[in-house]
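Please read the structure below before turning to the comments.
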């Protein structure tokens, strides 16, 4: 049975801390035999009364914070008892973490939100930027510096802004910006601001001020939240990787104005910075940098060729839909794949104007010749190896017949690339999340694993022992709550000192994670992760427990009266 418990740990991947903490919590909270004789269950009192014949006994198995509780040994005060349980649990947490538990997750794996068989997929579609082409972080500094200079030279912003440089790692993807309040912050899946992650400029805003700004709550009402494409009346969500320099520039400009006591109009400031960033893209400045030094800016090009060539060899059809111009895509693809890259694709669509491409029927397809010059012929069919500009998805579906779940499209932007395709057209979707690789490497560290496991165990202990309400016990519980908050802050800072993980706000998923789960069947750090799987591989999402599925949750097991057969054996695992 011990082998079964260990196998469950290894097989469960990220569930290891949860299962370990299950055993720890139940062992440390279990009353002594003298306190719980007979078959009364986990902490069940001896002198309970049997139910009347033929009638179910209500409340026989009390849940959390109800029914029987462990009691201090005779003559012991509750403070001593609570600290004894604390130290017993802490020892078990660290004893039970087996060797190698810190390398359970593979950064090159593909993770499934929804069951999908690649054997059913006949057509593969791709975005270009940050999907086929991954860029080095040097690009962020270039975008920041150029947009900053546009503000100074063209918008006549103070020259003192020239002293600000890009700060790598300041912001993370998925943050919201409240234009009226000049707040950059992380919001969870339930529309609550994660306290400690609200910034005005480059400085954090005190939690009390954040709560006051939103009428005495951390909650952001639905009508204020961003819409389907991340653009609300007063809140903007930054969802693509190109937005990292935009968030940093926005924070830097606000920091300068606040530091120098300069009043500013929040709406105009946000618009000016958005326009400056847009000019870097729209006027082709960024494209010229990359084209001049493809080796420096584009990463993992050889792996892209391997992915595409493998799919073609297995008789899959390929297409590309990107907002970038043809000359830029052509140079990048030749660098990564070779001069005959177009032979791999059944069709290529550039300057598509996503997400409008997926919803607007008005723009017709136009053909480009081999030099990228626009042709004005009416398009009655989409030919293999040809380059098309603009168009719309409705004509694309009509001309190709590529519909439903036989199509799998990959992109990095959850709104612009994936949302419409999944919800409106039934395509399967794959999200490219480059940050996943770094986050998994952090999750695999011993520091994170120990911190998370102890945090979960301490949470279960707090829930179990909260029924002790004498003065000394309350003080102990307050100390535990303070320690729990310190551990949560520590684990947050492992990912990003300002905003933490892009996937979690402490225990809740982030708003970004909520969208990731909703709009993608699978997600991965890079398109090259496909090389690790057979072309007929089926991805099965893990069954993650819901809150009412108590036997699978550490804290529910700790606070309830259920028994799971292998928990006794797991206690002895080393």
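Cβ atoms are placed via backbone N, Cα and C, with glycine included.
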With TrEMBL as the source, which of 34-73, 74-113 is set down as region 'Disordered'? 34-73
Neighbourhood of residue 127 (Mg(2+) binding site), C-beta criterion under 8 angstroms, separation at least six: 320, 321, 322, 354, 409, 410, 411, 412, 413, 417, 432
All-chain count of other Cβ atoms within 10 Å of residue 129 (GMP binding site): 23
